[in-house]
Amino acid sequence: MSAQCCAGQLACCCGSAGCSLCCDCCPRIRQSLSTRFMYALYFILVVVLCCIMMSTTVAHKMKEHIPFFEDMCKGIKAGDTCEKLVGYSAVYRVCFGMACFFFIFCLLTLKINNSKSCRAHIHNGFWFFKLLLLGAMCSGAFFIPDQDTFLNAWRYVGAVGGFLFIGIQLLLLVEFAHKWNKNWTAGTASNKLWYASLALVTLIMYSIATGGLVLMAVFYTQKDSCMENKILLGVNGGLCLLISLVAISPWVQNRQPHSGLLQSGVISCYVTYLTFSALSSKPAEVVLDEHGKNVTICVPDFGQDLYRDENLVTILGTSLLIGCILYSCLTSTTRSSSDALQGRYAAPELEIARCCFCFSPGGEDTEEQQPGKEGPRVIYDEKKGTVYIYSYFHFVFFLASLYVMMTVTNWFNHVRSAFHLLP
């Protein structure tokens, strides 16, 4: 790594310069993209920290392998075994700090139209100081007095914010599927194979949704019990069928010719994921069998211990959670997505069918693309106008912080933090 590149990265961490890829084999990166990537990286770090805090395994390993662990915990007043740094209440506090971080930047970046203002420089740079600020806010949340009142109030705020974020995800998925269907339909004028591609993808979407509902019916229900799970599966499955019929109804087709089964298929897959998340978060039911023994029902039985589905649920759920959140946060704030959500789409004749339709067919050259051979290579693409809405970007991450808090803690009351912890 050259000295010029090191100086550029130092300017990125401690100044207003944009982050770049230093390797010569790496392409230039746009400032608008690198900024969003850095905020997403901070977000992922906090999500991973929350998952660690919900892990009893990590707490036991730390106690076994860290010398003077109990003395250290008492020294920082975190309890005899640092119990204040793990569990539901710890996740609530860390997510409170992250939510405050993004909400402050939401207010700070209101009405920014280009990257020349001093507020835009703060948004696009000073990453080291922002990391310190994020860490300070997450740590400071542990010193909030009157824990019970704070956690009770914050739980309701988190529930409202989580539901709002789910709504944003649904709207974004509709826009995504509409763009997908519209782009591939445009290619049918020159190549009829695009019809086959649309049909294949639609079939895959409905197969995933149907297969998911069937598997959940097999593993999360039993013949004479689990009535709540059966009702949830029946209602959500019925709603997926309803939106599929509405999507191809004559009234919708007249108002929106590009509507079809692809959109409803994508939404059905997402509803299936939400149903899986709800069922996996629901506490297991324990009943007495005919021999008077406690039997756990309404959870997958893979033949090991009480919560034998936890590893599968946690890995799959966390992966889907991070993927959905990052896609929503990074794409819902672009101006093209905002226009599409308001019903303003590109003219059909301007559409060029592409497999990777999410990306523009070619980069937009700017005067900043200088053919330098080494050092930071950033394309400052927002001097004339921002690519995305800064304040809305931070607001979506604010809601995502609340959604993560509720999802990682299984939407439970913090008082029940000892009931069930992720492995």
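Easy rule for this one: first residue shown is 1, then count along the chain.
Just so you know, glycine gets a Cβ as well, placed from its N, Cα and C.
A quick note: this is a predicted structure, and the numbers were derived from the prediction, not measured.
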Next on the checklist: Looking only at what Swiss-Prot records, is T407 on the same membrane side as T35?
Outcome noted: no
Checklist entry - Under a three-state reduction of DSSP output, how is N113 (N-linked glycosylation site) classified: helix, strand, or coil? => result coil
Next on the checklist: Quick check on the glycosylation sites N113, N183: which one has the highest count of other Cβ atoms within 10 Å of its Cβ?
Outcome noted: N183
Checklist entry - Measuring Cα to Cα, how many angstrom lie between N113 (N-linked glycosylation site) and N183 (N-linked glycosylation site)? => result 29
Checklist entry - Do any residues of this chain, six or more beyond the ends of the topological domain 'Cytoplasmic' (220-230), have a C-beta under 8 angstroms from a C-beta of it, and if so which? => result 279, 282, 285, 287, 297-300
Checklist entry - the transmembrane segment (90-110) vs the transmembrane segment (386-406): three or more C-beta pairs under 8 Å (separation of 6 or more)? => result yes
